[in-house]
Structure formats: structure tokens, C-alpha cells
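See structure below.
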2 protein chains.
Amino acid sequence: METSKRPGGRSARVRDAVRRATLAELSEHGMRGLTVENVAERSGVHKTTVYRRWGSVEGLIADALEMAQEEPWPIPDTGTIEEDLRGVARLVQSGFDDPELGPVSSAFVAAAMQSPEAARALHDFFEARHEQSAQVVRRAVDRGELPVTVDVREVIRVAVAPIYYRLFVAHEPVTERDADRAADAALAAARAGVL
Amino acid sequence: METSKRPGGRSARVRDAVRRATLAELSEHGMRGLTVENVAERSGVHKTTVYRRWGSVEGLIADALEMAQEEPWPIPDTGTIEEDLRGVARLVQSGFDDPELGPVSSAFVAAAMQSPEAARALHDFFEARHEQSAQVVRRAVDRGELPVTVDVREVIRVAVAPIYYRLFVAHEPVTERDADRAADAALAAARAGVL
């Protein structure tokens, strides 16, 4: 139980413990099973402290998303845009297939539909992801594989959108082949000059 | 209040009233404000009847989705695949922009993330939508505008996915230009033979 009032390092450790507990609870029980009580118990931080600092389940999720944003995202660098873009799409697809990461990522998407605070946090998260992933497109432009006029972030959106669409809108399964096809479609569009 | 026990026409009218009330409540208050109580009051059907036949908010949503599936979906037929596909994408984009339809559609997507029953209903809804919309692609194949090998449903998925991705994943605004660009990208990919 967290009863100390010391700020600074102690405060950062409390925050870290709560964010980790939020991710672990999300991974095990999903958005529907996430409660302030469970996060407090798992983190060893007093419930009233969690309520005071995070306010609600949505506040916990928004904060955990900020942490996720800082996680390394292993952007591929294979030397060709075909493989790099497929790599980005496969990272997304395999992430949702991962038994630990998948439920957490799905919970983030679900939470953002229910809470404006979580939606803002998810928006920032994806802005960072798009910016980072767009690096593979910028390198392709530098190598002369794509026109300099290409909208690098839009290529990323189009390359991953069908994966999210299947998962969260049409509720269809997503295979590695679906990920490759989404990446190939984005690349064909970029080459044709429509992105 | 619904107190009669007569089956048949009466039962269909009760169902219709409850489904309409569900849509109206969703439109006004979204998923978060939808309750069995409000739907019962609005429809004039007794609360216990609603609980018995629909079980829960998720049951109400799943049933309302079935009704939405039967609504006409005005697939364009302009004579060119460019315009037809843009028309499909714009139907999606303008639907979410519509002050009445938008909140209902968003509520369906949100509900499906929280309830397997709503997810199955939404899956069936999109299967019907894909099948219907794919007609514009089939006509393009018949006119010789696209290869006969094209996956007609996948062209539709790719043409609309970026709209849903912006709305429900990245939480970004979606303009008509974004809709056009998504349609153009799908078409370029179909022409390149990757879909």
C-alpha cells in the first residue's frame, strides 16, 4: 500500500507501478474487466491514490497509452519499400495476434470509443506511430522508388487501415496474407501517384 | 404500455417499435446513454417485455442492426468505376457526418467492441454491405475496366477502410477528399492487380 507522501522518485515509481498494473489487467481481462480496484490491488498502490491521480478507468488507460507510445516500434529497414511496408503491416497484424499484446491493443481501441480522454491519448499514440512508420516511405523516396510528392503518412494509414477495419469494424479474421495485401495496395496507390 | 398477449402482427409491431426506439435513443444519446428503460419508455413497450425478448442493451443493438441491414443502400451507378467507387466511399463518409445517422453508426461500432452478440450482428451487416457495394466493381469488370481476377469485396474493403481507421482508430477528422483518396487508392491497387 502506498501511504508515503514523498514526491519525485516515489511518485514516478507509483506511476510506473500503476501503468504496468493497468496493462497487465487489460491483457488478462480486457477493457470490460478493468477496474480501479483491481489496478490498485495489483500495483500495491492505495485505491484512494489511484482515484485521486487517475480519476477513472479511462484515466488509467490514457496514461498507459502514453507509456505504450514510448515503447520501441521496430520499423523494418530491408532496403526495399515492398518488404518494409509489408513489415509494418505485419507488425500490426502480429501484434493483435499476440496473446499478451493483442488484448491490450484491442482494449485501447475500445476505450477510445467510450472516453474522449482515451480518444485523445490514442490519437497522439497513432500520430507518433504514423510519424515513425513513415520513415520507411521517406527512405523509399530518397532511393527514388516513390515520387517526392507522396504523402508519407497517408501511405502508412492505407497500408494498415484494412487490418483495423477487419478487426474492429467488419469483425473478420486477419491473416499475414491480408496484411501483405494491404501493404501492396498502399504501395500500388503510392506508385500510381494517388497518395 | 404493452400488456396484450396476442402473437403475430402484434409481436412484429412491438419489435418494430422497440427497434425504432433503440435507433432513436442511440442517435440522441449514443451507446453510453442507451438503457433498456429508455427504450421501453420511448417504444411504449413494457420494460419486462423488453428484458424478456432482448435481454440487454447488446441484444437491442444486435436487433436494430438487423433492421439497418434491410435499409436500402444507394449504390451509385455512374458508368465509370472511378466515380462509383468514390460514391461508395462518400456514402460512408457522409453517413458518419450526418447528425442523425452518424451517432447511430458509431454506436454500432462501439457496441460490437463490447459485446460478442453485437459483433456478430455487425459482421453480418458488413458482409451484406460488402456484397452489395461490390456490385460497382463487378460492373467495372464487365465493362473491361478491371481484371476479371479482382477480389471485388476486397476492393470495397480497401476503399472504405481508411475512413473507419481515421474515425475509430486514429481519431482523426475525415473529409470528402479523404474519402475520394481512399477510393482512388483502392482503384489504383485493383488496376495494378494486387487486389
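Placed from the backbone N, Cα and C atoms, the Cβ positions cover glycine too.
Feature annotation (TrEMBL): of A:35-54, A:135-154, the stretch labelled DNA-binding region is A:35-54. Per-class residue totals from DSSP over the DNA-binding region (A:35-54), listed helix then strand then coil: 16 helix, 0 strand, 4 coil. Taken together, the residues of the domain 'HTH tetR-type' (A:12-72) have an average pLDDT of 88.
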